[in-house]
Amino acid sequence: MQKIVHLKSKKHSMIIKVGRVPEILHWGANIAKIDPDLILSTERPISQARLDVDVPLSLCPELGSGHFNAPGIEGHRHGEDWAPVFEMKALTCDEQSASFTLEDTVAKLELLIEVKLDFNSDVVQKRITVKNVADKEYCLGKLSSTLSLPNHANELMTFHGRWCHEFQTQRLSFEHGGFMQENRRGRTSHENFPGLFVGSKGFSEQVGQVWGFHLGWSGNHQLRADVRSDGRRFVQAGELLLSGEVHLKEGEEYQSPWLYATYSNTGLNGISERFHEFVRANIIKFPTKKARPVHLNTWEGIYFDHKPEYIMQMATEAAEMGVERFIIDDGWFIGRDGERAALGDWYLDEKKYPNGLEPVINHVNEQGMEFGLWVEPEMVSEDSNLYRQHPDWVLSLPGYQQPSGRWQYVLDLQNPDCFSYLFDRLNDLLTRYNIGYFKWDMNRELVQPGHHGKPAVHGQTKALYRLFDELRLAHPDVEIESCSSGGGRIDFEILQRTHRFWASDCNDALERQAIQRGMSYFFPPEVMGAHIGPAECHSTNRRHAINMRGVTALSGHMGVELDPVKESAEEKQAFAHYIQLHKQYRDLLHSGRSFRIDPADQSQNIYGVENGEEMLITVCQLAMPNHALPAPLRVRCVEKEATYEVKIVEMPHTSFQLMKQRPQWLDQTLTLSGDNLEEIGVTLPILDPESALIVHLKKM
Ligand code: GLA
């Protein structure tokens, strides 16, 4: 007997037909009521010259039932039980969640498929658990979450990247075949962000139907989108397990990471709106409800050259500029004079800090700032006391010499002694010093990640989460930033335990425009670390005026990363100006609804945030404009009948090169109604390449 499960949220429905296995019939716009003929009207024909039975594209497709694309589960028992076919055993559900228990009595496996639809945000969560119910061990190769999509989802948007170039996007046709991403780097990675979008042809920021996906996992993953030869299509995501990584004894279980997904009929804006709402309500746990403090991070200012007196001078000047949290980056611990040594020796370098760290921290606190410290706990340098004492604490494979990365190795967190050492060192730092914030870095990939010779990325990732969890339990008020050579570990699961991401080591404002835009599809601005760097960017040698740098950093969780002592009075004044502007709009930026506007000219990046009362829109001219005159800025996200005060709150400070005469309104406040703003828009000045302006709208 077939049954229907109807999950409902504020705006969406997911309708699942439950026969031998559960299968999605609809996932998208709200369906008011289930028609009695729904099952009949969705019955599929059977095509000539193929299997004689209909094969459902279920929530866990099976090879053994005739699904010839990627199965949801793979594994074996010494070569047997490798093609399980499941049958529904039990179902529990309400309007927002369903749990399907399935069994295969031949292969002796049980599956628990959990699907939840968050009422407020319309975000779906799905995970699968497999249990071995035989007395013979089962070697699991794969357990992924599958969600099917309608046939008009025929265009893909995927992510790629590398160090200093995170969150880059590409479009692919999605008519035949598919897309597959395998991440084997042992961390979320710059290269393979675990997310993608599928939508109706040409979907854009503001237009089209889109389904968005993100796997919350910080280790290896596999993410794919496939179109079957019969036109049915699906997205599948799960942990990528190395050969022999997971063995289940009788009664043991493996649980997949959560797959997060949502639907929008207002383009990518509807997707990011929903992910942000979900993340704000369910993932981020700030210890207190304070405003996100403006940072100064010492890295690009002084690198490894630590002199306490000088750092205190930096702190004084930082506070004068309006900085609220001062972070000492790499270089503070014993023997850390460069990147080749000392990771693992988490004791203060008393040669650099003969009077201890306390005077610096006290000084920072006296300036009214919180103090933060950089750590990279999972790592060890070959040239370190820790490595000399415990070379066997490294994740490695006996008999092989693995390559180092940044001259360092990864510690085996599943080794209990190593785990306790790290917990004790971090706990000691947090107990001894008044530290409000850790920047937790992770600067290399996992190569030959063996624990007692066995593959261990799964175990390492779980142990890492446990290290975070135990520390946070002991120090609940401390905030943590997830950094991994910039944006190498950005995902929802690490965000359950952290409070900010270092989006990229690239502080080049032009590059940041693309990086931050890509990141903004999933993560709200308050967790996106964005810093004003020096005029000449350290990672690209490109130069930008302060307008471009200030505006770009302003819309995230803002900071500065340079040596204020060495900057001119004029630059310092400008930093203070952008910090002040950020603080003025910080509440709006960090709680409002973020959106992006489809630009008429691809040389512009236009994005904003609004809360019903106010709106802030940034127009960034990335490159030479396409036409001599820019298209008017048409603002869609407003109430049509309301009246708004519109004014420019930030413009390039240098003289304009491409514009002879500016529109008069730039120096005035306009009063415009919602429909005028949406249908006619306001003219913009001709911006020179790599400059930006900010418009503020206030409902009257
Ligand atoms: C990584 C981080 C940087 C900085 C350095 C310090 O590269 O991404 O922000 O902290 O390490 O070594």
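In case you wondered, yes, glycine gets a Cβ from its N, Cα and C as well.
Curation plays no part in TrEMBL annotations; they are all automatic predictions.
Site annotation for substrate in TrEMBL covers Asp329, Asp330, Arg406, Lys439, Trp440, Asp441, Met442, Asn443, Cys483, Asp505, and the matching candidate from Trp27, Trp82, Trp163 is Trp163. In this structure the C-alpha atoms belonging to Asp330 (substrate binding site) and Asp441 (active site, nucleophile) are separated by 10 Å. Remark: Lys439 (substrate binding site) has Asn297, Ile327, Asp329, Gly372, Leu373, Trp374, Val375, Ile480, Glu481, Cys483, Trp502 as non-local neighbours, by Cβ distance under 8 Å and separation of at least 6 in sequence. When averaged over the domain 'Glycosyl hydrolase family 36 N-terminal' (22-248), pLDDT in the model lands at 98. Cβ environment of Asp441 (active site, nucleophile): Asp330, Trp374, Val375, Glu376, Cys483, Ser484, Ser485 lie under 8 Å away, each six or more residues apart in the same chain. Long-range neighbours of Trp163 (substrate binding site) (same chain, six or more residues apart, CB within less than 8 Å of its CB): His190, Ser485, Gly486, Gly488, Asp505.
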